[in-house]
Amino acid sequence: MNLFRLAGDMTHLLSVLVLLLKIHTIKSCAGISLKTQELYALVFTTRYLDIFTDYISLYNTTMKLIFLGSSYSIVWYMRHHKIVRRSYDKEQDTFRYHFLVLSCLILALFINEKFTVKEVMWTFSLFLEAVAILPQLVLLQRTKNVDNLTGQYVFLLGAYRALYILNWIYRYFTEPHYVHWITWISGLVQTLLYADFFYYYFQRYTLFVPLNFI
């Protein structure tokens, strides 16, 4: 554990809290992609298969439970809550995410550190997390205007990954033999996908212009 990883974890947690605040308090999921949320639920499910078999620390287990519980809670709200589900824009959220899942699974079967069920699923979760934000970004491009909470949610997700890259750089120079190419490349791809969003996000707060996408 180091400062960059802790900051990344807290930023990730804050992004989830912001989204839950929007859904639970405002009773609206407008501008939120259900497909991205379902992908994140799948990411955490396949990544944390070891939650009841490999104990690392109380912090580690608690964070796993929080992300699992919150991801499924968000999906439930958007699919089944009698008020929240009415604000879900199904007609705009049409990204064919099944191709992402299949592609990441095939890639994980061929590129992994060890060919076991747990390791393949862990690698699959890394690949899928790298592209899970795509349905959300496409939805933002289609709807053009983005409310504050949705914008903050996506920004915090991007910041979380950027902080994790700093964590990897720090560990590379401070820990001997610390090399994880699969994790690094997946994280870099995920961060690059946020580049367009970050541009318009900072433009909004520095030039006071609406958060629109071209």
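Counting begins at 1 with the first residue displayed.
Positions of Cβ are set from backbone N, Cα and C atoms, glycine also.
Remember, TrEMBL labels are computer predictions, not curated facts.
Summarising the annotation, TrEMBL assigns signal peptide to 1-28.
Residues or ranges marked as transmembrane segment in TrEMBL: 55-77 (among others).
Positions annotated as transmembrane segment by TrEMBL: 97-115 (among others). Here the transmembrane segment (97-115) has long-range neighbours at 35-36, 38-39, 42, 121, 123-124, 127-128, 131-132, 134-135, 182, meaning same-chain residues at least 6 beyond its ends whose C-beta is under 8 angstroms from one of its own.
Feature annotation from TrEMBL assigns transmembrane segment to 121-140 (among others).
Under the heading transmembrane segment, TrEMBL lists 152-170 (among others).
The transmembrane segment feature in TrEMBL is assigned to 182-202 (among others). Listed by sequence, the residues of this chain that lie at least six past the ends of the transmembrane segment (182-202) yet keep a Cβ under 8 A from its Cβ atoms are 111-113, 123, 126-127, 129-131, 133-134, 137, 140, 151, 154-155, 157-158, 161-162, 164-165, 168, 211-213.
Non-local neighbours of the signal peptide (1-28) in the same chain are 59, 63, 66-67, 70-71, 73-74, 77-78, 81, 83-84, 87, 149-150, 152-153, 156-157, 159-161, 163-164, 166-167, 170-171, 174; each lies 6+ residues outside the stretch with a CB under 8 Å from one of its CB atoms. Same-chain residues lying 6 or more positions outside the transmembrane segment (152-170) and placing a CB less than 8 Å from one of its CB atoms are 2, 4-5, 7-9, 11-12, 14-15, 18-19, 22, 32, 133, 136-137, 140, 146, 180, 183-184, 187-188, 190-191, 194, 197-198, 201.
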